[in-house]
Amino acid sequence: MSLKEKTHALFAEKFGYPATTHIQAPGRVNLIGEHTDYNDGFVLPCAIDYQTVISCAKRDDRRVRVVAADYDNETDEFSLDEPILTHDSQQWSNYVRGVVKHLQQRDPGFGGADLVISGNVPQGAGLSSSASLEVAVGTVFRHLYHLSLDGAQIALNGQEAENQFVGCNCGIMDQLISALGKKDHALLIDCRSLGTKAVPMPQGVAVVIINSNFKRTLVGSEYNTRREQCETGARFFTQKALRDVSLDQFNAVAHELDPIVAKRVRHVLTENARTVEAADALAKGNLTRMGELMAESHASMRDDFEITVPQIDTLVEIVKSVIGDKGGVRMTGGGFGGCVVALVPEALVPEVQAAVEAQYEARTGIKETFYVCKPSEGAGLC
């Protein structure tokens, strides 16, 4: 049973009438451009064919009723005429409430709705299940009430909800790619202007995501430390962000910087350049160059930004040994565990999977999870 069939059936069962509208919003994976977003730099994600689906209908009053199919059909209900407060015990509810609250501030011209939500974006794998939910909820009200908000505004609304209502300090990439993704394309995003450029993916290439299933522990504290080190670097150059520093400027005075800060800055500057070049390589179908850039990105995250772990490095090594120069592989996400992303010719996917299954657990004691994805369409009707 598809997610849409599941939410549609549950809607009729719980609310006693059929849903009128079905909305999906995808998760995402970032192909290259790591820790560049908060430095006003570039990222190159694609939406994936794992998504949040919502079956919904307008109500005649100002109440919002929600059923979460993936949480034992837990329910939430709140009014648009009363202050929307955080839910004490249901964290999933706060993503819905936060999006609706911030949507009201943008465009108060909408009424109540009934929603049934389900998703298959793996949680805790760094594939943006939360952004997918936020964008899906925003898109529900945009469609039901014909709100004059575009995809970028729906994305910004989701980011605001996560930062200010849920209390998680995320960048804009995850929501933007979920809202604006394009089938068979990646999206080059300028995190300063929020400008986007669709980049065609080569035919016959699979997006493979492998979760190391290594339990991340340092990610929060170390993430904040990396941000502070980048800000220190930007201040040294008297710039608003590292986006504004050239590699030549850096190389001329790198010896004057604290050695650790210098390594962090070098990663961001080289990663920005790699990301822009990667978009060009992908558009030209040059998988060999894309693979080189992904390898350089991984080495930079390992040696200069120091955010990889041995389990992740092992996965990258195993995949690279199979694909050689026919594709690329690197860690993706914040670091200290999580996933690797690989661009793999479809014919080689079984061989990659077999190699990972044979070697990863034997070398690390952890069983991986393997996903084969297609670059998919952003949020909309389904």
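Note: Cβ is positioned from N, Cα and C throughout, glycine not excepted.
Source: prediction; values computed, not measured.
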> Say Swiss-Prot lists Glu34, His35, Thr36, Asp37 as binding substrate: which of Tyr145, Tyr223, Tyr360 is in the same site, per that record?
Replying inline: Tyr223
> In terms of DSSP three-state secondary structure, what is the assignment for Arg28 (site 'Transition state stabilizer')?
Replying inline: strand
> Here the recorded positions are Arg28, His35; which one has the lowest number of other Cβ atoms no more than 10 Å from its Cβ?
Replying inline: His35
> When you measure from the Cβ of Asp37 (substrate binding site), which residues in the chain that are at least 6 apart have a Cβ under 8 Å away?
Replying inline: Val43, Gly171, Ile172, Met173, Cys191
>> For the ATP site (Gly124, Ala125, Gly126, Leu127, Ser128, Ser129, Ser130), what does the 8 A shell look like? I mean other same-chain residues with CB within 8 A of the CB centroid.
In response: Gly27, Val121, Pro122, Gln123
> Roughly how many angstrom lie between the C-alpha atoms of Arg28 (site 'Transition state stabilizer') and Ala125 (ATP binding site)?
Replying inline: 11
> Near Glu162 (Mg(2+) binding site), which residues of its chain come within a Cβ-Cβ distance under 8 Å, counting only those 6 or more away in sequence?
Replying inline: Tyr95, Gly98, Ser130, Ala131, Glu134, Cys168, Cys170, Gln175
>> Suppose the substrate site is Glu34, His35, Thr36, Asp37, Tyr223. Which further residues of the same chain have a Cβ inside 8 angstroms of that site's Cβ centroid?
In response: Gly33, Tyr38, Asn39, Val43, Gly171, Arg226, Val268, Glu271, Gly334
